[in-house]
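Visitor: Let me give you the structure first, and then I'll get to my questions.
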Amino acid sequence: MLLLINVILTLWVSCANGQVKPCDFPDIKHGGLFHENMRRPYFPVAVGKYYSYYCDEHFETPSGSYWDYIHCTQNGWSPAVPCLRKCYFPYLENGYNQNYGRKFVQGNSTEVACHPGYGLPKAQTTVTCTEKGWSPTPRCIRVRTCSKSDIEIENGFISESSSIYILNKEIQYKCKPGYATADGNSSGSITCLQNGWSAQPICINSSEKCGPPPPISNGDTTSFLLKVYVPQSRVEYQCQPYYELQGSNYVTCSNGEWSEPPRCIHPCIITEENMNKNNIKLKGRSDRKYYAKTGDTIEFMCKLGYNANTSILSFQAVCREGIVEYPRCE
(Lines of atoms letter the chains of each structure in order from A and count residues from 1; the text may use other names and numbers.)
(Lines give C-alpha, C1' and ligand atoms only; values in the text may rest on other atoms or scores of the structure.)
Protein backbone atom coordinates (compact mmCIF):
# COMPACT_ATOMS: atom_id res chain seq x y z
CA MET A 1 0.00 0.00 0.00
CA LEU A 2 2.89 2.35 0.86
CA LEU A 3 4.47 1.63 -2.55
CA LEU A 4 1.23 2.60 -4.34
CA ILE A 5 1.05 5.90 -2.42
CA ASN A 6 4.67 6.69 -3.35
CA VAL A 7 3.99 6.03 -7.04
CA ILE A 8 0.94 8.33 -7.04
CA LEU A 9 2.82 11.09 -5.19
CA THR A 10 5.75 10.83 -7.60
CA LEU A 11 3.44 11.18 -10.58
CA TRP A 12 1.64 14.15 -9.00
CA VAL A 13 4.92 15.97 -8.32
CA SER A 14 6.11 15.31 -11.90
CA CYS A 15 2.94 16.87 -13.33
CA ALA A 16 3.20 19.85 -10.97
CA ASN A 17 6.75 20.52 -12.18
CA GLY A 18 5.58 20.70 -15.82
CA GLN A 19 6.67 17.23 -16.75
CA VAL A 20 4.74 15.02 -19.15
CA LYS A 21 1.28 13.74 -18.31
CA PRO A 22 1.11 10.12 -17.07
CA CYS A 23 -1.00 7.46 -18.77
CA ASP A 24 -4.31 6.28 -17.34
CA PHE A 25 -5.40 2.66 -17.48
CA PRO A 26 -5.59 1.74 -21.22
CA ASP A 27 -9.00 1.00 -22.70
CA ILE A 28 -8.12 -1.74 -25.18
CA LYS A 29 -11.04 -2.33 -27.48
CA HIS A 30 -11.38 -6.01 -28.44
CA GLY A 31 -8.58 -7.00 -26.07
CA GLY A 32 -7.02 -6.29 -22.67
CA LEU A 33 -3.92 -6.30 -20.47
CA PHE A 34 -2.60 -9.56 -19.14
CA HIS A 35 -3.31 -9.70 -15.37
CA GLU A 36 -5.19 -6.38 -15.67
CA ASN A 37 -7.00 -6.74 -12.33
CA MET A 38 -3.66 -7.02 -10.58
CA ARG A 39 -2.14 -4.09 -12.51
CA ARG A 40 -5.11 -1.66 -12.39
CA PRO A 41 -4.38 -0.22 -8.88
CA TYR A 42 -0.97 1.04 -10.06
CA PHE A 43 -2.36 3.44 -12.68
CA PRO A 44 -1.75 6.13 -13.81
CA VAL A 45 1.82 5.29 -14.79
CA ALA A 46 4.78 7.32 -16.03
CA VAL A 47 5.97 7.68 -19.61
CA GLY A 48 8.17 4.76 -20.59
CA LYS A 49 6.13 2.09 -18.90
CA TYR A 50 4.96 -0.82 -21.04
CA TYR A 51 2.66 -3.79 -20.54
CA SER A 52 1.84 -6.95 -22.41
CA TYR A 53 -1.66 -7.22 -23.83
CA TYR A 54 -3.73 -9.62 -25.91
CA CYS A 55 -6.41 -9.32 -28.61
CA ASP A 56 -9.76 -11.11 -28.84
CA GLU A 57 -10.65 -13.64 -31.51
CA HIS A 58 -10.80 -12.15 -35.05
CA PHE A 59 -8.41 -9.35 -33.98
CA GLU A 60 -4.63 -9.02 -33.89
CA THR A 61 -1.93 -6.54 -32.86
CA PRO A 62 -0.37 -4.17 -35.44
CA SER A 63 2.60 -6.55 -35.58
CA GLY A 64 0.26 -9.34 -36.65
CA SER A 65 0.50 -11.44 -33.50
CA TYR A 66 -1.99 -12.50 -30.82
CA TRP A 67 -0.21 -10.42 -28.14
CA ASP A 68 2.27 -7.54 -27.93
CA TYR A 69 3.36 -4.63 -25.74
CA ILE A 70 1.57 -1.31 -25.27
CA HIS A 71 3.80 1.66 -24.36
CA CYS A 72 3.06 4.86 -22.42
CA THR A 73 4.41 7.80 -24.47
CA GLN A 74 4.22 11.59 -24.24
CA ASN A 75 1.25 11.43 -26.62
CA GLY A 76 -0.55 8.64 -24.80
CA TRP A 77 -0.63 4.90 -25.35
CA SER A 78 1.10 3.41 -28.38
CA PRO A 79 -0.21 1.78 -30.48
CA ALA A 80 -3.30 4.00 -30.43
CA VAL A 81 -5.40 1.13 -31.82
CA PRO A 82 -3.90 -1.92 -30.14
CA CYS A 83 -6.23 -4.53 -31.69
CA LEU A 84 -7.09 -4.54 -35.39
CA ARG A 85 -9.80 -6.56 -37.09
CA LYS A 86 -8.75 -9.45 -39.34
CA CYS A 87 -10.81 -9.97 -42.48
CA TYR A 88 -10.38 -13.06 -44.64
CA PHE A 89 -11.47 -12.69 -48.23
CA PRO A 90 -14.35 -15.10 -48.97
CA TYR A 91 -14.99 -17.21 -52.05
CA LEU A 92 -16.74 -15.13 -54.71
CA GLU A 93 -19.54 -16.65 -56.72
CA ASN A 94 -19.74 -14.99 -60.13
CA GLY A 95 -16.38 -13.36 -59.52
CA TYR A 96 -12.62 -13.84 -59.80
CA ASN A 97 -11.02 -15.38 -56.71
CA GLN A 98 -7.40 -14.26 -56.78
CA ASN A 99 -7.79 -13.00 -53.16
CA TYR A 100 -9.68 -16.04 -51.85
CA GLY A 101 -8.53 -16.86 -48.28
CA ARG A 102 -6.13 -13.92 -48.12
CA LYS A 103 -5.98 -11.99 -44.84
CA PHE A 104 -6.59 -8.23 -44.74
CA VAL A 105 -6.26 -6.00 -41.68
CA GLN A 106 -8.56 -3.22 -40.50
CA GLY A 107 -8.13 -0.20 -42.80
CA ASN A 108 -6.97 -2.24 -45.82
CA SER A 109 -8.98 -2.09 -49.06
CA THR A 110 -8.95 -4.29 -52.13
CA GLU A 111 -10.60 -4.32 -55.52
CA VAL A 112 -13.28 -6.88 -56.31
CA ALA A 113 -13.39 -8.29 -59.84
CA CYS A 114 -16.76 -9.75 -60.85
CA HIS A 115 -17.71 -11.62 -63.99
CA PRO A 116 -19.35 -9.59 -66.80
CA GLY A 117 -22.92 -8.70 -65.84
CA TYR A 118 -22.12 -8.87 -62.11
CA GLY A 119 -20.79 -6.36 -59.61
CA LEU A 120 -20.81 -5.12 -56.03
CA PRO A 121 -23.96 -3.45 -54.67
CA LYS A 122 -24.30 0.26 -55.54
CA ALA A 123 -21.79 -0.15 -58.38
CA GLN A 124 -18.81 -0.07 -55.99
CA THR A 125 -15.52 -1.62 -57.05
CA THR A 126 -13.62 -1.96 -53.75
CA VAL A 127 -14.26 -3.38 -50.27
CA THR A 128 -12.61 -2.32 -47.00
CA CYS A 129 -11.80 -4.28 -43.86
CA THR A 130 -13.38 -2.35 -40.96
CA GLU A 131 -13.72 -2.90 -37.22
CA LYS A 132 -17.01 -4.71 -37.91
CA GLY A 133 -15.77 -6.71 -40.91
CA TRP A 134 -15.98 -6.19 -44.66
CA SER A 135 -17.73 -3.09 -45.98
CA PRO A 136 -19.49 -3.70 -48.24
CA THR A 137 -19.68 -7.49 -48.06
CA PRO A 138 -17.68 -8.97 -50.96
CA ARG A 139 -20.35 -10.49 -53.20
CA CYS A 140 -21.03 -10.29 -56.90
CA ILE A 141 -24.68 -9.69 -57.72
CA ARG A 142 -26.41 -9.43 -61.07
CA VAL A 143 -26.25 -5.80 -62.21
CA ARG A 144 -27.90 -3.75 -64.90
CA THR A 145 -26.32 -4.22 -68.31
CA CYS A 146 -26.74 -2.44 -71.60
CA SER A 147 -26.74 -4.07 -75.01
CA LYS A 148 -24.87 -2.80 -78.02
CA SER A 149 -27.91 -3.73 -80.11
CA ASP A 150 -29.92 -1.01 -78.31
CA ILE A 151 -27.67 1.70 -79.74
CA GLU A 152 -28.98 3.49 -82.82
CA ILE A 153 -26.35 5.53 -84.61
CA GLU A 154 -26.60 7.20 -88.00
CA ASN A 155 -23.58 8.60 -89.80
CA GLY A 156 -21.24 7.11 -87.21
CA PHE A 157 -19.95 3.85 -85.74
CA ILE A 158 -18.84 2.12 -82.53
CA SER A 159 -15.50 0.37 -82.81
CA GLU A 160 -15.69 -1.70 -79.59
CA SER A 161 -16.23 -5.43 -80.03
CA SER A 162 -18.21 -6.21 -76.84
CA SER A 163 -21.95 -6.73 -77.13
CA ILE A 164 -22.89 -6.39 -73.42
CA TYR A 165 -21.75 -3.57 -71.12
CA ILE A 166 -22.02 -3.34 -67.34
CA LEU A 167 -23.46 -0.48 -65.32
CA ASN A 168 -21.44 2.78 -65.54
CA LYS A 169 -19.43 1.48 -68.49
CA GLU A 170 -18.61 4.29 -70.93
CA ILE A 171 -18.09 3.58 -74.61
CA GLN A 172 -16.82 5.79 -77.41
CA TYR A 173 -18.35 6.38 -80.82
CA LYS A 174 -17.01 8.18 -83.89
CA CYS A 175 -18.74 10.17 -86.60
CA LYS A 176 -18.16 9.75 -90.32
CA PRO A 177 -16.22 12.46 -92.20
CA GLY A 178 -18.39 15.56 -92.66
CA TYR A 179 -20.41 14.78 -89.54
CA ALA A 180 -19.90 15.80 -85.92
CA THR A 181 -21.40 15.41 -82.45
CA ALA A 182 -23.68 18.02 -80.90
CA ASP A 183 -20.56 19.60 -79.38
CA GLY A 184 -18.89 19.82 -82.76
CA ASN A 185 -16.41 17.00 -82.09
CA SER A 186 -15.59 14.04 -84.31
CA SER A 187 -16.27 11.55 -81.47
CA GLY A 188 -18.36 11.26 -78.34
CA SER A 189 -19.30 8.86 -75.56
CA ILE A 190 -22.37 7.33 -73.92
CA THR A 191 -22.68 5.54 -70.56
CA CYS A 192 -24.64 2.51 -69.41
CA LEU A 193 -27.03 3.67 -66.64
CA GLN A 194 -29.76 2.01 -64.57
CA ASN A 195 -32.40 2.86 -67.18
CA GLY A 196 -30.25 2.04 -70.20
CA TRP A 197 -27.87 4.12 -72.27
CA SER A 198 -27.42 7.74 -71.17
CA ALA A 199 -28.27 8.93 -74.69
CA GLN A 200 -28.23 7.82 -78.28
CA PRO A 201 -25.13 8.82 -80.27
CA ILE A 202 -25.65 11.87 -82.46
CA CYS A 203 -23.68 12.52 -85.63
CA ILE A 204 -25.07 15.40 -87.68
CA ASN A 205 -24.14 17.12 -90.90
CA SER A 206 -22.10 20.19 -90.08
CA SER A 207 -24.25 22.31 -92.40
CA GLU A 208 -27.42 21.42 -90.46
CA LYS A 209 -26.16 22.65 -87.10
CA CYS A 210 -27.01 26.06 -85.65
CA GLY A 211 -24.88 28.47 -83.71
CA PRO A 212 -26.22 30.35 -80.66
CA PRO A 213 -29.77 31.69 -81.12
CA PRO A 214 -30.16 35.40 -82.00
CA PRO A 215 -30.36 37.95 -79.17
CA ILE A 216 -33.52 40.00 -78.68
CA SER A 217 -33.94 43.50 -77.28
CA ASN A 218 -35.21 43.70 -73.70
CA GLY A 219 -35.21 39.91 -73.34
CA ASP A 220 -32.99 36.86 -73.04
CA THR A 221 -32.98 33.07 -73.22
CA THR A 222 -34.04 31.05 -70.18
CA SER A 223 -31.00 28.72 -70.41
CA PHE A 224 -27.25 29.02 -70.86
CA LEU A 225 -26.27 29.24 -74.50
CA LEU A 226 -24.27 26.54 -76.28
CA LYS A 227 -21.79 27.03 -79.09
CA VAL A 228 -23.56 24.50 -81.30
CA TYR A 229 -27.13 23.17 -81.50
CA VAL A 230 -28.32 20.05 -83.29
CA PRO A 231 -31.27 20.18 -85.70
CA GLN A 232 -34.69 20.51 -84.01
CA SER A 233 -33.13 21.97 -80.86
CA ARG A 234 -35.43 24.46 -79.13
CA VAL A 235 -34.48 27.48 -77.04
CA GLU A 236 -36.92 29.48 -74.91
CA TYR A 237 -36.96 33.27 -74.52
CA GLN A 238 -38.37 35.53 -71.82
CA CYS A 239 -38.81 39.30 -71.59
CA GLN A 240 -37.70 41.74 -68.91
CA PRO A 241 -40.32 42.74 -66.32
CA TYR A 242 -43.26 44.75 -67.73
CA TYR A 243 -42.30 43.91 -71.33
CA GLU A 244 -44.72 41.75 -73.27
CA LEU A 245 -43.49 38.83 -75.37
CA GLN A 246 -44.94 38.87 -78.87
CA GLY A 247 -44.62 35.72 -80.97
CA SER A 248 -43.57 32.22 -79.93
CA ASN A 249 -41.58 31.74 -76.73
CA TYR A 250 -39.40 29.24 -78.59
CA VAL A 251 -37.11 29.21 -81.60
CA THR A 252 -36.18 25.97 -83.40
CA CYS A 253 -32.99 25.03 -85.25
CA SER A 254 -33.74 23.77 -88.77
CA ASN A 255 -31.36 23.39 -91.73
CA GLY A 256 -28.71 25.45 -89.97
CA GLU A 257 -31.01 28.39 -89.18
CA TRP A 258 -33.19 29.50 -86.29
CA SER A 259 -36.88 30.22 -86.65
CA GLU A 260 -38.14 33.79 -86.14
CA PRO A 261 -37.42 34.95 -82.56
CA PRO A 262 -40.08 36.75 -80.51
CA ARG A 263 -40.15 40.48 -79.73
CA CYS A 264 -40.34 42.12 -76.33
CA ILE A 265 -42.82 44.99 -76.61
CA HIS A 266 -42.21 48.13 -74.55
CA PRO A 267 -44.65 48.81 -71.74
CA CYS A 268 -46.39 52.15 -71.33
CA ILE A 269 -45.05 54.02 -68.32
CA ILE A 270 -47.62 56.39 -66.86
CA THR A 271 -45.74 58.99 -64.79
CA GLU A 272 -46.93 61.60 -62.32
CA GLU A 273 -45.09 64.25 -64.32
CA ASN A 274 -47.06 63.54 -67.52
CA MET A 275 -50.35 63.39 -65.63
CA ASN A 276 -49.65 66.74 -63.93
CA LYS A 277 -48.94 68.35 -67.32
CA ASN A 278 -52.41 67.32 -68.46
CA ASN A 279 -54.17 67.93 -65.12
CA ILE A 280 -55.30 64.32 -64.92
CA LYS A 281 -54.93 61.33 -62.60
CA LEU A 282 -55.52 57.59 -62.76
CA LYS A 283 -59.11 56.60 -62.16
CA GLY A 284 -59.49 54.41 -59.11
CA ARG A 285 -55.72 54.27 -58.47
CA SER A 286 -53.28 56.33 -56.44
CA ASP A 287 -50.06 55.15 -58.18
CA ARG A 288 -47.49 57.83 -58.97
CA LYS A 289 -46.05 55.55 -61.66
CA TYR A 290 -47.99 52.86 -63.46
CA TYR A 291 -46.89 50.24 -66.02
CA ALA A 292 -49.26 48.96 -68.68
CA LYS A 293 -48.73 46.31 -71.35
CA THR A 294 -49.56 46.73 -75.02
CA GLY A 295 -53.32 46.45 -75.45
CA ASP A 296 -54.11 47.41 -71.86
CA THR A 297 -56.68 50.18 -71.31
CA ILE A 298 -55.70 52.92 -68.86
CA GLU A 299 -58.54 54.95 -67.37
CA PHE A 300 -57.95 58.61 -66.47
CA MET A 301 -60.02 61.35 -64.87
CA CYS A 302 -59.64 65.09 -64.38
CA LYS A 303 -58.12 66.44 -61.20
CA LEU A 304 -60.43 68.31 -58.85
CA GLY A 305 -61.29 71.75 -60.29
CA TYR A 306 -60.49 70.83 -63.92
CA ASN A 307 -62.75 69.89 -66.83
CA ALA A 308 -62.18 67.60 -69.82
CA ASN A 309 -60.60 69.31 -72.82
CA THR A 310 -60.52 66.17 -75.01
CA SER A 311 -63.16 63.63 -75.96
CA ILE A 312 -64.63 61.32 -73.35
CA LEU A 313 -63.13 58.35 -75.24
CA SER A 314 -59.61 59.75 -74.76
CA PHE A 315 -59.94 59.13 -71.01
CA GLN A 316 -59.82 55.38 -71.79
CA ALA A 317 -56.41 55.36 -73.43
CA VAL A 318 -54.94 52.19 -74.94
CA CYS A 319 -51.23 51.30 -74.57
CA ARG A 320 -49.64 50.63 -77.97
CA GLU A 321 -46.01 49.42 -77.86
CA GLY A 322 -44.89 51.89 -75.22
CA ILE A 323 -46.96 54.83 -76.49
CA VAL A 324 -50.09 56.22 -74.87
CA GLU A 325 -52.05 59.35 -75.80
CA TYR A 326 -52.95 61.27 -72.67
CA PRO A 327 -56.29 63.07 -72.37
CA ARG A 328 -56.23 66.69 -71.21
CA CYS A 329 -58.17 68.73 -68.70
CA GLU A 330 -58.24 72.56 -68.42
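Glycine too: its Cβ is placed from the backbone N, Cα and C atoms.
For reference, Swiss-Prot lists these features for the protein:
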{"type": "DOMAIN", "residues": "144-205", "note": "domain 'Sushi 3'"}
{"type": "DOMAIN", "residues": "208-266", "note": "domain 'Sushi 4'"}
{"type": "DOMAIN", "residues": "267-330", "note": "domain 'Sushi 5'"}
{"type": "CARBOHYD", "residues": "ASN108", "note": "N-linked glycosylation site"}
{"type": "CARBOHYD", "residues": "ASN185", "note": "N-linked glycosylation site"}
{"type": "CARBOHYD", "residues": "ASN205", "note": "N-linked glycosylation site"}
{"type": "CARBOHYD", "residues": "ASN309", "note": "N-linked glycosylation site"}
{"type": "SIGNAL", "residues": "1-18", "note": "signal peptide"}
Visitor: In sequence order, which residues at least six apart in the same chain have a CB under 8 Å from the CB of ASN108 (N-linked glycosylation site)?
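Guide: Set apart from ASN108 (N-linked glycosylation site) by at least 6 residues yet with Cβ under 8 Å, we have CYS87, THR128, CYS129.
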Visitor: Tell me the Cα distance separating ASN205 (N-linked glycosylation site) from ASN309 (N-linked glycosylation site), rounded to the nearest angstrom.
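Guide: Between the Cα atoms of ASN309 (N-linked glycosylation site) and ASN205 (N-linked glycosylation site), the distance comes to 66 Å.
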Visitor: Quick one, of the glycosylation sites ASN185, ASN205, ASN309, which Cβ has the fewest other Cβ within 10 Å?
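Guide: Output over glycosylation sites ASN185, ASN205, ASN309: least Cβ neighbours within 10 Å is ASN185.
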Visitor: Using the alpha carbons only, what distance in Å do you get between ASN185 (N-linked glycosylation site) and ASN205 (N-linked glycosylation site) once rounded?
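Guide: Cα of ASN185 (N-linked glycosylation site) to Cα of ASN205 (N-linked glycosylation site) measures 12 Å after rounding.
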